[in-house]
């Protein structure tokens, strides 16, 4: 399923036009709340917003690349820089969403115990670990992909591959024997594991809501808020990571579906700010999972 280059261009540009200002607003709102009281959810939201902002900045270049049918438009040394700037936030976003979901679940299932131990510095440690994991994996993969290129003067250098038609292609012409297992490991560790954590936490939040004394309307709203991270993972990041699994099983399935998955992944910069809920001046609703206990209402 190959999308027309013009449609791919329009989708990337639209994601940038919507996602860039939304993430600026989300970061601004989170910073405003952090000045009053820094919480673990705010730490995750700030990292997710900065991650999505970096991803959004790369989308115009991705749009130009799509319009040129995959040809790399910049000087060759910029390819690995673009690869890190584009794919690091694409993978890190799943980890931050899982961390947000875990905080909601712990706040709902163990309100008093979690309130006693939650500290922003622990959340900073989690965020640093997520960034380190993503960057180390991407750096290792890029290093392995380019390490032999200096000995093979025919095509490849710094992630660039020159196909037969002479057009430079950044990363997409990566040696399939190296690309398939590397992308599969990325997806298992940086998508499917966060997806399982997010799904488990979502079910836990739903169970806590069922036992709560909230009105039906507030239960529905809280359930929607808790499920936002899971929805973003499935709709935006799911297709791209599913294509990595499919291409590992059957190499003929990877190409066109991977391009479509990259487009849906780009739209995570639009949905993530809506999930975190710090776009306005009011409370960050996106970080709340509410449960009613005998002593009152606990919010995370």
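Glycine is no exception: its Cβ is also placed from the backbone N, Cα and C atoms.
Feature annotation (Swiss-Prot): of 157-178, 179-200, the stretch labelled transmembrane segment is 179-200.
The N-linked glycosylation site entry in Swiss-Prot, when matched to the candidates 153, 241, corresponds to 153. Topologically, per Swiss-Prot, residue 69 is found on the other side of the membrane from residue 212.
A mean pLDDT of 85 is what the model gives for the topological domain 'Extracellular' (65-79).
The recorded stretches the transmembrane segment (257-279) and the transmembrane segment (9-31) share 3+ CB pairs below 8 A when only pairs 6 or more apart in sequence are counted, and are therefore in contact. Within its own chain, the transmembrane segment (224-248) is flanked in space by residues 90, 93-94, 97-98, 100-101, 104, 179-181, 183-184, 186-187, 191-192, 194-195, 198-199, 201-202, 205-206, 209, 254-255, 257-258, 260-262, 264-265, 267-268, 271-272, 274-275, 277, 285-286, 288-289, which lie at least six positions past its ends and keep a Cβ under 8 Å from the stretch. For the transmembrane segment (122-142), the partner stretch with the highest count of Cβ pairs under 8 angstroms, out of 9-31, 42-64, 80-101, 179-200, is 80-101. A Cβ distance under 8 Å defines the sequence-distant neighbours of the transmembrane segment (42-64), meaning residues of its chain 6+ beyond its ends; these are 8-9, 12-13, 15-16, 19-20, 23-24, 26-27, 30-31, 33-34, 73-74, 82, 85-86, 88-90, 92-93, 96-97, 99-100, 103, 120, 123-124, 126-127, 130-131, 262, 266, 268-269, 272-273, 276, 278, 284, 286-287. Using a Cβ-Cβ cut-off under 8 Å and counting only residues 6 or more beyond its ends in the same chain, the transmembrane segment (9-31) has close neighbours at 3, 42, 45-46, 49-50, 52-53, 55-57, 59-60, 62-64, 66-67, 263, 266-267, 269-270, 272-274, 276, 278-281, 284.
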